Amino acid sequence: MSNSTVTSSQQQWSRGPYISVITNRTTNLVIRGAMLFSVGVFLALVLNLLQVQRNVTLFPPDVISSIFSSAWWVPPCCGTASAMIGLLYPCIDRRLGEPHKFKREWSSVMRCVAVFVGINHASAKVDFANNIQLSLTLAALSIGLWWTFDRSRSGFGLGVSIALLATLATQLLVYNGVFQYTSPDFLYIRSWLPCIFFAGVITMGNIGRQLALYECKFIQEKSHQD
């Protein structure tokens, strides 16, 4: 066997595990993104139903009546945002060198989702004296959600930043007549909307972190078996 053949075989052998690791990471990333997208779409449908029943969100009649109308984009947009947030949170944790270790179990994540749905239910069903009281109550509940299920500085910072950006995007959509809110009290939208976005970011961040942790444990167990 010539030296060139041996060298070629060694290169193929050394590249094999590397390519396998890259492929597995990419596949796992796609799977996590798909799961987060599905969760985001499901929550968007449920929460939007609550808002429509309360007559908080108003789409034009032709939007409700036709599946090919402009309303179709709401769940996919929420799913895409959920996937991005869920993938971003564990990535930021690794970059900062601050792995999130607070209440890392699926039961805690499910409780977080339940509290998030409850906050949305309160915004749609509970009657408050005025919008200021509603906004302050939801702000307290949202911060309580972060304190109960997250407590990380990165989680709070990302939650506030993404909530502000989402509120700005919503304001632009309402301003351009894509949809509207009944009785808007803050620049065409409801003042409590950033609180809902913040709670949603924290919720999807926790789901993304838990999926990443599950994936990490699975890879470690597989490497030990190999």
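Using N, Cα and C of the backbone, Cβ positions are placed for all residues, glycine too.
The transmembrane segment feature in TrEMBL is assigned to 29-50, 70-89, 132-149, 156-175, 187-207.
Long-range Cβ contacts of the transmembrane segment (70-89) within its own chain (Cβ-Cβ under 8 Å, at least 6 residues beyond either end) map to 29, 32-34, 36-41, 43-45, 48, 59, 63-64, 100, 154-155, 158, 162, 166, 178-179, 200-201, 204-209, 211. With Cβ pairs under 8 Å as the measure, the transmembrane segment (29-50) is packed most heavily against 187-207, out of 132-149, 156-175, 187-207. Tertiary neighbourhood of the transmembrane segment (132-149): same-chain residues 102-103, 108-109, 111-112, 115-116, 119, 122-123, 126, 155-156, 159, 191-192, 195-196, 198-199, 202-203, 206, selected by CB-CB distance under 8 Å and a gap of 6+ residues from either end. Sequence-distant contacts of the transmembrane segment (187-207) (same chain, six or more residues past either end, CB-CB distance under 8 Å): 36, 39-40, 43, 56, 82, 85-86, 88-89, 108-109, 112-113, 115-116, 119-120, 123, 131-132, 134-135, 138-139, 141-142, 145-146, 149-150, 155, 158-160, 162-164, 166-167, 170-171, 174-175, 180-181.
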